[in-house]
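Worksheet: the structure to be examined is printed underneath.
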Amino acid sequence: MEPRAPRRRHTHQRGYLLTRDPHLNKDLAFTLEERQQLNIHGLLPPCIISQELQVLRIIKNFERLNSDFDRYLLLMDLQDRNEKLFYSVLMSDVEKFMPIVYTPTVGLACQQYSLAFRKPRGLFISIHDKGHIASVLNAWPEDVVKAIVVTDGERILGLGDLGCNGMGIPVGKLALYTACGGVNPQQCLPITLDVGTENEELLKDPLYIGLRHRRVRGPEYDAFLDEFMEAASSKYGMNCLIQFEDFANRNAFRLLNKYRNKYCTFNDDIQGTASVAVAGLLAALRITKNKLSDQTVLFQGAGEAALGIAHLVVMAMEKEGLSKENARKKIWLVDSKGLIVKGRASLTEEKEVFAHEHEEMKNLEAIVQKIKPTALIGVAAIGGAFTEQILKDMAAFNERPIIFALSNPTSKAECSAEQCYKVTKGRAIFASGSPFDPVTLPDGRTLFPGQGNNSYVFPGVALGVVACGLRHIDDKVFLTTAEVISQQVSDKHLQEGRLYPPLNTIRGVSLKIAVKIVQDAYKEKMATVYPEPQNKEEFVSSQMYSTNYDQILPDCYPWPAEVQKIQTKVNQ
């Protein structure tokens, strides 16, 4: 994309306070004219440097730190100080910085969030604000909000209930909305709904920043969520995107089903994970040379991620011509009690859909040997669940077994890339949820494991939805997104073991996703932004956030010389 000219931005701020506004601050990149006219001359050292040099300075500071948690704090402090520079740093090397601002480091940051909290980066709305949520929203300084990421902190990554400390997730997620998708950060709002926590360690921690009582559940919880959705949509408009993040299984599906046709909303753990997993499967099919409807897919896990993927796989198989009933027969799920089969006790409605006539089995190794899947997908956050025997069996059943260890963070991965490639002698088609280093095999080949990161999905979806004012987001959007992502994977990438485009191309991938969403939205009469733009790519691209510093001096321009004459005498 061509670099844009600096945007002119009006501000009444002057002096010291301007240097404390992260939206306006340029640090040492302020020109001499700006320093003098904005009354900040003398507050900064006399050196004037470019943003490129500023990025280099941050990277050098970043690299001298010894822990990822300290690197996370460095970047968050930068975000609080100079927003443009923060995003310029992230975009300079997305592959390097994404694991710090999001998975896996954000998991550690959430565990330590009571220590990491510096200043407000979003809104904390507690159950005790019920009846006054509209007033709490008024505390946020921005009047125009187009995207909200909200969590109640009950199921943070694979770490469980972190309560109020889960705020690190919406903050990190929205940072990627901008870095990877170009959504304007000033139009993004992270929100944590604090209804308490079941985490005993947090309840006893004197430094914990959230409510110190058990989670509120039932009708009171539902009424609280209803009020929040109504208040947010009322204040920011029905087109405001509200993304649900890291809600527990008991709430995730029912809240999605409850709100999806009433508000502009989606659940990334269900739909985003599904989209990126299906994108990986579609890319893998170019290696196996067969169709998705030819696969037998076994899931280790039957929570929101597994069920979300399963439903989208069914939709993709239907698109290939298979009936929904026959597509479901090709999908098997394993939860904490074993294989999901008909007649098994205490199956939820969501799990019942994928229950088949089969004997009950509990051991995953035995289940793999019995089902003989062509694709094995782990989303249960059980580290090491894919044992050496399971990997050997997958390689015995299949010439090119598809093995996805998608659980986060790294410690929860079902197997490592090295284990998978070594045991299967490089025949496995592997993807993971967290990043793994390249693996060199005994035969000299080096394979680059694909990272099935949701950040391939949600930034582009958000950009497209916001750009055209899509009122509701159905599952078709996520199948379309999966197809677009898989199309960006070249044959060379596949030969290297990659099932996803390189992360350093993610902004371009997000643009393609957004353009496709916008095209479909106008074609299906679902867009609300009019008049319809003729060139959809130009339209979307023009709305993407630029890290170029804004021009904040007043607009100065000349008048004709004759009208500038100074009158010195009173006309007689």
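Backbone N, Cα and C define each Cβ position, glycine as well.
What Swiss-Prot records for Met1 is N-acetylmethionine, and it gives similarity to another entry as the kind of evidence.
In sequence order, Gly172, Lys173, Ala175, Leu176, Asn453, Ser455 are the residues near Tyr102 (active site, proton donor), counting only same-chain partners six or more apart with C-beta under 8 A. If you look up Swiss-Prot, you'll see Tyr102 marked as active site, proton donor.
As annotated by Swiss-Prot, divalent metal cation binding site applies to Glu245, Asp246, Asp269. Under DSSP, Glu245 (divalent metal cation binding site) is assigned to coil, being neither helix nor strand in the three-state scheme. In this view, Glu245 (divalent metal cation binding site) is surrounded by 28 other Cβ atoms within 10 Å of its Cβ, with every protein chain counted.
A sphere of 10 angstroms centred on the C-beta of Asp269 (divalent metal cation binding site) encloses 25 other C-beta atoms. When secondary structure is read from DSSP and collapsed to three states, Asp269 (divalent metal cation binding site) falls in the helix class. As annotated by Swiss-Prot, site 'Important for activity' applies to Asp269.
Following the DSSP three-state reduction, the secondary structure of Ser336 (phosphoserine) is coil. What Swiss-Prot lists as phosphoserine is Ser336.
Looking at Glu245 (divalent metal cation binding site) and Ser336 (phosphoserine), their Cα atoms lie 23 Å from each other. Looking at Asp269 (divalent metal cation binding site) and Ser336 (phosphoserine), their Cα atoms lie 19 Å from each other. For the pair Ser336 (phosphoserine) and Asp246 (divalent metal cation binding site), the Cα-Cα distance reads 19 Å.
Residues Thr151, Arg155, Ile156, Ile169, Phe244, Phe247, Ala252, Asn267, Asp268 surround the recorded divalent metal cation site, their Cβ atoms falling within 8 Å of the Cβ centroid of Glu245, Asp246, Asp269, which are themselves excluded.
Sequence-distant neighbours of Asp246 (divalent metal cation binding site): residues of the same chain at least 6 apart with a C-beta under 8 Å from its C-beta are Thr151, Asp152, Gly153, Glu154, Arg155, Ile156, Leu157, Gly166, Ile169, Asp269.
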